[in-house]
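Look at TrEMBL and you will find 5-133 tagged as domain 'Cytidyltransferase-like'. The substrate binding site annotation in TrEMBL covers SER9, LYS41, LEU73, ARG87. For SER9, PHE10, HIS17, GLY88, LEU89, ARG90, GLU98, TYR123, PHE124, TYR125, LEU126, SER127, SER128, SER129, the entry in TrEMBL reads ATP binding site. Annotation source TrEMBL lists site 'Transition state stabilizer' at HIS17.
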Amino acid sequence: MKRAVYPGSFDPITLGHLDIIERASRLFDEVIVAVARREEKNPLFSWEERIELAGQATAGMERVKVEGFDGLLVDFVRSRNAGTIIRGLRAVMDFDYEFQMALTNRKLAGELETVFFLPSEKYFYLSSSLVRELARAGGELSCFAPPVVVEALKRKFSR
Ligand code: PNS
């Protein structure tokens, strides 16, 4: 059983994340989308909301499940008997941060590998922060986020 963990803040999950999840689920028997608590980052959506939205957005995807985690990523990955951490790489702007994170995780848990996936070019520029900014300004979101997230953002900003 080849199991991989795809961690992130997912604030909120976007079509770019879903593209990575789909690609990963073709290579692994199970992909666990691991939603980090990260309340220190003052997320727009609560941890529970981010888990719920990721669960709804991936509901039709076989081999994919969603869980929340708090604390060290490598501890969570080990606790699920997974050997791989998945991350998406967009442009070079991601590289420094991802390189640092992957090497830190390797130092902490040498048996785990980080595997990077490239999203479809149409999502190269896409990020959760861009989606939040667009939503705040009342922009059209359907090309960037799944329908459950579009609805949740509309509710958030109509208050
Ligand atoms: O979507 P993000 O915010 O870029 O995801 C970053 C995340 C959550 C994967 C990373 O911050 C993380 O793994 N946090 C858990 C704490 C941890 O293990 N830190 C050491 C990794 S360098």
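Cβ atoms here come from the backbone N, Cα and C positions, even for glycine.
Closest in space to LEU89 (ATP binding site), of the binding-site residues given as SER9, LYS41, LEU73, is SER9, taking the CA atom of each residue. Listed binding-site residues near ARG87 (substrate binding site): GLU98 (candidates GLU98, PHE124, LEU126, SER128; Cα-Cα distance within 10 Å).
Under a cutoff of 8 A between CB atoms, and with a sequence separation of 6+ in the same chain, the neighbours of HIS17 (ATP binding site) are TYR6, GLY8, PHE10, VAL33, GLY88.
Sparsest Cβ environment among the binding-site residues LEU73, LEU89, LEU126 (other Cβ atoms counted within 10 Å): LEU89. Proximity of the binding-site residues (SER9, HIS17, LEU73, SER128) to ligand 1: a Cβ under 6 Å from the molecule is found for SER9, LEU73. Residue pair LEU126 (ATP binding site) / SER9 (substrate binding site) shows a Cα separation of 15 Å. Between the C-alpha atoms of SER128 (ATP binding site) and LYS41 (substrate binding site), the distance comes to 13 Å.
Taking the Cα atom of each, LYS41 (substrate binding site) and GLU98 (ATP binding site) are about 18 angstrom apart.
DSSP assigns GLU98 (ATP binding site) to a helix in the three-state reduction. Residues within less than 8 Å, Cβ to Cβ, of SER9 (substrate binding site) and separated from it by at least 6 positions along the same chain comprise VAL35, ALA36, ARG38, LYS41, PRO43, ARG50, SER128. Counting only the Cα atoms, the space from PHE124 (ATP binding site) to LEU73 (substrate binding site) is about 25 angstrom.
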